[in-house]
Amino acid sequence: MSSLKLLAWNVRGIMSSTVCLSSLLKNTDCDICVVSEHKLKKSSLHYLSTIEQGYTCIGKAEELPNKYHAYHGKGGVAILYKNTLEFSVSEIHDINSERVVGLQIKTKSNGSIFIFGAYLPSDDSLDNYRNELNMLDNLVSYYCNYGSVIVAGDLNASCRTKDRLHSNHCKSDELQKFVKRHDLLFSGGQIKHTGPDYTFITKKTMIDYFLVNKSVLRQLRSCEILDEGSISSTSDHLPIVVELSIDNNPHRIMNSYSKFPAWHKINDDHIRKYQEHMDVPIELLTDRINSDNLDVDTVNTEIESILHEAADSVIPKCVFNPYTKPYWTPDVKKAHQMERSMRKRWLANGRPRGMSHESYKHY
């Protein structure tokens with residue numbers, strides 16, 4: 001029996017948490033990661049795909065007012081997933097919200113899993129919160145008919161009655177209704193987890209979640225909230241790691257001998273041969289589509305096979321290097337060493353919080 005690992009974390013700004021997230025992805029070996037509050041502008045979303053070798057990212061950034069001139073954005077949510085996942089992985093596009101992003105993975109034996117990453121409003125406006133939660137409600141209502149559903153991220157409200165005194169109780173009431181309406185399960189409730197009993201360090205409340213329906217619960221192998229001291233972190237939120245059992249190995253086997261098309265090395269002759277190699281298979285597939293009424297999934301699989309075969313036949317190859325870090329420059333290394341030094345100082349001072357503490361401010 002193989003497994004699929006999922007991680008959810010509010011990074012409180014990815015530019016200050018890049019090294020932390022990179023280490024976390026590596027140490028947990030997670031397959032899919034939901035990142036909340038990356039604070040990137042739309043033009044900078046591509047940065048998320050450079051954080052750790054071997055991950056692809058889909059993400060959304062919050063629309064900013066015209067008079068907003070800060071170098072960073074606000075809010076934002078993204079999902080990173082491993083390139084080696086053998087499943088059919090695709091973004092869910094019909095989501096009319098800057099705060100919710102969706103991913104569909106199709107497994108051979110467990111069917112479709114729909115993962116929605118969310119960063120719900122943190123302000124006190126109940127109307128704003130309801131609007132975003134209604135969007136999530138519609139998505140869960142629709143996609144639960146076609147497979148398992150997971151909602152993950154910072155929901156900025158608590159599902160637990162014990163947190164009411166330290167969270168917005170009106171928003172928490174709305175979230176609890178949503179959870180009850182869809183019979184969703186969560187850590188700190190029906191799902192038993194290891195680690196701290198909270199995710200938001202400042203108020204010791206649980207506002208970051210994996211919400212799952214009962215079909216996912218049957219696959220749940222473990223749920224853990226990582227302790228503050230176990231990771232190098234600049235965020236005041238704790239990451240959650242969930243592991244699901246699946247029947248098949250979720251990964252293609254990739255090693256230092258794996259070869260891939262070197263698209264950066266091609267010339268006009270390669271392009272011509274690539275096109276010629278696809279002409280006949282595409283023509284045959286078109287005839288089949290016209291005569292047999294093939295379904296979309298079959299057509300998609302056939303086209304993928306044609307593209308792969310053409311590339312394998314005529315495009316130059318390059319070798320996969322599992323150790324390369326595209327962003328790891330001498331300046332980043334120096335900053336990482338400084339971050340570790342400041343963290344040691346902060347730990348030695350008893351982990352104080354607040355900008356009035358010098359060690360916290362410098363860390």
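Residue positions begin at 1 at the first shown residue.
Including glycine, each Cβ sits where the backbone N, Cα and C put it.
The Mg(2+) binding site annotation in TrEMBL covers Asn10, Glu37, Asp154, Asn156, Asp236, His237. Its Cβ taken as reference, Asn10 (Mg(2+) binding site) is surrounded by 26 other Cβ atoms within 10 Å in the chains shown.
Taken from TrEMBL, the feature active site covers Tyr119. In three-state terms derived from DSSP, Tyr119 (active site) belongs to an extended strand segment. Within 10 Å of the C-beta atom of Tyr119 (active site) sit 27 other C-beta atoms, taking all shown protein chains into account.
In this structure, Asn156 (Mg(2+) binding site) belongs to neither helix nor strand by DSSP; it is coil. Note: Asn156 (Mg(2+) binding site) has non-local neighbours Tyr119, Leu120, Pro121, Ser122, Tyr129, Asn168, Lys171, Ile207, i.e. same-chain residues 6+ apart with C-beta under 8 A of its own C-beta. According to TrEMBL, the feature site 'Transition state stabilizer' maps to Asn156.
The local packing around Asp208 (site 'Important for catalytic activity'), expressed as other Cβ atoms within 10 Å of its Cβ over all shown chains, amounts to 25. According to DSSP, Asp208 (site 'Important for catalytic activity') is assigned to a strand segment. Per TrEMBL, site 'Important for catalytic activity' is recorded for Asp208.
The active site, proton acceptor annotation in TrEMBL covers His237. Secondary structure at His237 (Mg(2+) binding site), taken from DSSP and collapsed to helix, strand or coil, is strand. In the structure as shown, the Cβ atom of His237 (Mg(2+) binding site) sits within 10 Å of 21 other Cβ atoms.
Annotated site 'Interaction with DNA substrate' per TrEMBL: His237, in sequence order.
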Greatest C-beta neighbour count within 10 angstroms, which of the binding-site residues Glu37, Asp154, Asp236: Asp154
Excluding Asn10, Glu37, Asp154, Asn156, Asp236, His237 themselves, the Mg(2+) site's Cβ centre has within 8 Å the residues Arg12, Ser36, Tyr119, Ser122, Thr199, Phe200, Ile207, Asp208, Ser235
In whole Å, how far is Asp208 (site 'Important for catalytic activity') from Asp236 (Mg(2+) binding site) when you measure between their Cα atoms? 12
Could you say whether, by DSSP, Asn10 (Mg(2+) binding site) belongs to a helix, a strand or a coil region? strand
